[in-house]
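I have placed the structure first, in the form of structure tokens, so that the comments after it can refer back to it.
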Amino acid sequence: MSEEQTQTRAGFVALIGEPNAGKSTLLNRMVGAKVSIVTHKVQTTRARIRGVAIEGASQIVFVDTPGVFRPRRRLDRAMVAAAWGGAADADVVVLLIEAHRGITDGVRAIVEALKERATGQPVALAINKIDRVRAEVLLKLSSDMNALYDFAGTYMISAEKGYGVDDLRGWLAETLPESPWLYPEDQIADLPMRMIAAEITREKLTLRLHQELPYQLTVETEAWEERKDGSARIDQIIYVARDGHKGIVLGNKGETVKAVGQAARTDLEEFTGRKIHLFLQVKVRPNWLEEAERYSEMGLDFKDGNT
Ligand SMILES: Nc1nc2c(ncn2[C@@H]2O[C@H](COP(=O)(O)OP(=O)(O)OP(=O)(O)O)[C@@H](O)[C@H]2O)c(=O)[nH]1
Ligand SMILES: [Mg+2]
């Protein structure tokens, strides 16, 4: 198809919602690859992560954001600021809510904030996890939500199972502004490989460790060495805030960090399509949650965490 015949469209679509709503799952499904990490725990995504999908003549750049919640700590504040920053910069916003949880206080707070912050761009409602509820519940939830806000469209989806996702993607493709494409045709993510690699390891740690600890740790890729045989050697540091945490991450005879490393390596090999040698080191840095450099490594703005 030639450029003269078909006007291309392109733009940014921000996915916002409470922690655990399924934003990253939806991004990965739209892109068709695991670009953003997913866990059953809240506050998994820490920064804005972009994934690119193509639908007909439209290039849709999805912006995954951290969940919006009431921030208490510096990292929380920087994460929530990143989420709202993603929404402000977007051409279209999609608010994800969870069908089985309905209109929570958190959802209400996000809708109120949208009224103040939305800069005139269309906001669609995506009711996610419809695999968990009956149809009557959905209809009521949809009408209750539309009474709270003038949504440009309402989509009932299951990001995990894929239900309703094509309709949403089709609507986004039509709604984005006329524009040349923003990324090369074959690009699916806009995140440096070293950061994706660190996120993969953080996902495996989050899946293995108990609730509070994942918040207290961060992973950074220290070195990435290309080898002549086509493989790569990746060195990462897991920063924890306390001595006791180091022991938990290592596990008995180092078995926890070993299992994490194996799981991360498998994903990395799948993502990169090559052999990976992954080396993990655990370091205690009591103050890492207050260090500007850690935030820039995560793709967050340290200043946004100021009160
Ligand atoms: N049953 C069901 N579970 C889902 C669906 N979509 C996502 N999930 C699950 O919900 C959990 C949270 O998903 P994420 O994609 O990490 O949610 P998120 O909104 O990115 O969360 P944060 O990054 O913490 O803000 C995971 O366990 C997913 O597998 C769905 O359509 N149905
Ligand atoms: Mg997420």
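Here the Cβ of each residue, glycine as well, is placed from N, Cα and C on the backbone.
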Annotated region 'G1' segment (source TrEMBL; candidates 1-8, 17-24, 201-208): 17-24
Range among 128-131, 160-163, 224-227 that TrEMBL annotates as region 'G4': 128-131
The annotated region 'G3' range in TrEMBL, which must be one of 64-67, 184-187: 64-67
Which listed span TrEMBL calls region 'G2', if the choices are 28-32, 43-47, 253-257: 43-47
Positions whose Cβ lies under 8 angstroms from the region 'G3' (64-67), at least six residues beyond its ends: 14-21, 23-24, 27, 35-36, 42-43, 45-51, 79-80, 82-83, 86-87
Predicted model, mean pLDDT over the domain 'KH type-2' (209-286): 95
Nonlocal residues around VAL68 (GTP binding site), in sequence order (Cβ under 8 Å, 6 or more apart): ILE16, GLY17, GLU18, PRO19, VAL80, ALA83, TRP84, GLY106, ALA109, ILE110, ALA113
Those binding-site residues in ASN20, LYS23, THR65, ILE130 whose CB falls under 6 A of ligand 1, listed in sequence order: ASN20, LYS23
Contacting binding-site residues, sequence order - GLY17, ASN20, LYS23, THR65, VAL68, ILE130 vs ligand 2, Cβ under 6 Å: LYS23
Coarse DSSP state, helix versus strand versus coil, of GLY17 (GTP binding site): strand
